[in-house]
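Listed in TrEMBL for this protein:
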- 1-329: domain 'Aminoacyl-transfer RNA synthetases class-II family profile' (DOMAIN)
- Glu86, Gly87, Thr88, Arg116, Gln130, Glu134, Arg260, Tyr264, Tyr265: L-histidine binding site (BINDING)
Amino acid sequence: MSKKAAGVAAVRGTRDLWPKELAAQQHVVSIMQATCSRYGFAPIQTPMLESTDLYTRSLGTTSDIVSKEMYTFPDNSQNSLTLRPEGTAGVVRSMLSNGLQYAGPHKVLYSGSMFRYERPQKGRYREFQQFGVEYIGSNGPHVDLDVLALASDVVRNLGLDLHLHVNTLGHASRQIYRQTLTSFLDPIKNDLSQDSQQRFARGSVLRILDSKDTRDQVLLQEAPRLLDSLTNKARARFDVVQNGLAALGIASTLDHGLVRGLDYYSHTVFEFIDTKSGLACLAGGCYDNLVESLGGPATSCIGWAAGVERLTALCTLTPPQPMQIAMVPVGNVTIPAMQLAASLRAAGHTVHWIDFPQLKKQMKLADQYGCSHAILVGEDELKEESVTVKALTQRAQERVPAANVVAYFNAILRSI
């Protein structure tokens, strides 16, 4: 059994990914990227480090992220910087910084590390991988539908059993409802859970609707519904979304408690919920005020994001395994064996160089590396200008002319 070295543990809430785990995670991301590309979304990369002001302006000072979860610190010039806790604000900032606000619409996707100071638990880390898309310059409910259809396709292509919950926050309607909900909660605020009492004190009353505490859920049964505060225009927009989902065959549930946790959301909001755990695995919505709040023109947008770790834990699809070949020199044949390995690699094959004194050790390593075949090159083979190819899974072997080895493995690859 291996022993952990003392004093060099990973930082709490972070983790290392070795090849098998990383391959599973990259497979999930590749499926998501391929699906998004079919909808016309292109990759973008933004810095992990941003000005703290970006997040206080975009996420809202009363949001859980800004108030207690961000990794914020001053640089040597005393500028306040933050490791990005989410992707949307950085994408919008990038668009404005590069003068692209009038060149839209923009359809982009991103993936990478995000950072939040949360209590580490299974499937939740302080450094986590997020995949997301943003449609900047959307123009109404039919774009909402297209982005929802994309999310539904991603879920289906990953083979996941998730159910779509939707709601609408309206636009001006949201402020009207905030006042109505505050009036309802004020007489019973001391009966709420501690978290909800803190949210009420900060003015984050909409977030109380999302509470999973049983006390809050009982008290909220009689709460006014946001849907009843909608303007006629906002209600008509949401009707288009709901009717469109039904027409596209995408099952959904109207969830009056779904509000999302960030101040920039408006109109359609949604979450794809794991039916077993009840946890949201992919979520997003419209945000019509964010670009303007960061100094740009009024711009309608919609996007969603998903935690890659959570999706990977749920996904049962197996990453494709390339054929692995072990090159096993036996005796003083190093250069000819290396030349053969180079020819195979040039043809696109994966070849492990395994050079140990004992053949038994070499074959054990070939098995450890997951090789399906081993090529043995010895002095006898060299004299005959041939090699011995061992099919490790079938426990069979045959002699193959050295000049035909590349064609031999090309034929195997085509048959897989």
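Keep in mind that glycine also has a Cβ here, set from the backbone N, Cα and C atoms.
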Largest tally of Cβ atoms lying within 10 Å of a Cβ, found at which of the binding-site residues Thr88, Gln130: Thr88
Pairwise Cα distance maximum in Å, L-histidine-binding residues per record: Glu86, Gly87, Thr88, Arg116, Gln130, Glu134, Arg260, Tyr264, Tyr265: 21
Three-class DSSP secondary structure - Thr88 (L-histidine binding site): helix
Conformational class of Arg260 (L-histidine binding site) under the three-state DSSP mapping: coil
Conformational class of Gln130 (L-histidine binding site) under the three-state DSSP mapping: strand
Confidence summary (mean pLDDT) of the domain 'Aminoacyl-transfer RNA synthetases class-II family profile' (1-329): 91
Spatial neighbours, same chain, of Tyr265 (L-histidine binding site) - Cβ under 8 Å, 6+ residues apart: Leu169, Val259, Gly285, Cys286, Tyr287
